[in-house]
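According to Swiss-Prot, the protein has these features:
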TRANSMEM  32-52  transmembrane segment
TRANSMEM  82-102  transmembrane segment
TRANSMEM  112-132  transmembrane segment
TRANSMEM  141-161  transmembrane segment
TRANSMEM  181-201  transmembrane segment
TRANSMEM  206-226  transmembrane segment
Amino acid sequence: MIDPIHQFHLNKIFTIGHIGNQEIAFTNSTAYMLLAVVLIAGMMLAAGRALVPGRFQSVVELSYEFVANTLRTSAGSHGMTFFPLVFSLFMFIFVSNIVGIIPYTFTVSSHIIVTFSLALLVFLTVIIYGFYKNGLKFFKLFVPSGIPAVILPLVVVIEIISFFSRPISHSVRLFANMLAGHVTLKVFASFVTMLGALGFVGKVGALLPLGLTVALTGLELMVAFLQAYVFTILTCIYLNDAIHPGH
C-alpha cells in the first residue's frame, strides 16, 4: 500500500539562507502557503466593485458578510476592529484546505507548526490587546463572577490553565481533522489502485472503495469549510475576552 503519510513530508526546494547553523529553507509547505495568498489576492482583485456583482465579487462579498456577522455576533461591534485579522485567517485556512484536496498538492494545515503559529498569533493578540485596552482589569478574565469564595481559588487555577492551553487546543483541532481526513482519503485511493491492478475482478471490487473515495472527497470539501469556520469562531470568542474580560 502507498504510504498515506508521505503526502505530508516537507521537501526542500531551495535554501534561503542560514541563521547560525540553522538552515532556512523554502519548502513545498512555503510554496503552497504563498499559493494560497496569491489565490486570495487574485480573487480580491478579480472581484472588483461593480454595482451588479459578478461571480468573484459575489463570492468575496458573501465571505466578507459571513465573517463580519460571525465577528459581530461573537465579539460585538467593537470586535470589528479585528476584522482584517479574522477575515485573513478564515480565507487563508479555507483556501489552503481547498487547495490541499486537489491530488498531488500539499495541505499546509495538516502540519501542527502551521496551525500552532496561527493559533499563537491569535493568543498573543488577545493578551496584548487585552492589557492595552483594560490594563490590570484584564485579569478579570480569570475570575468568573458569581463563583462562591470557597471554590474561587480552584476555579481561578482552572481558568488560567484553560487560557494558556488555548493555542494547543486551537491548533490541534484544525491539524488533527485535516490530517485524519487526508490519511483516510489516501488509504481508500490506495485500495482502488491495488484492486484495479488485479484484473477484471479487481476492477469490479475497486468500485466500492472508489465510491467511498468520491464520497469522502465531498465530505472533505465540507470539512475544509467547517474547520476554517471553527477556527474563526474560536478566534472571535477569544478576542471577545480581550475586549470584555469581565463578561
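Cβ atoms here come from the backbone N, Cα and C positions, even for glycine.
Listed stretches 82-102, 141-161, 181-201, 206-226 were compared with the transmembrane segment (112-132); the greatest number of C-beta pairs under 8 angstroms is found for 82-102. When each of 141-161, 181-201, 206-226 is checked for Cβ pairs under 8 Å to the transmembrane segment (82-102), 206-226 comes out on top.
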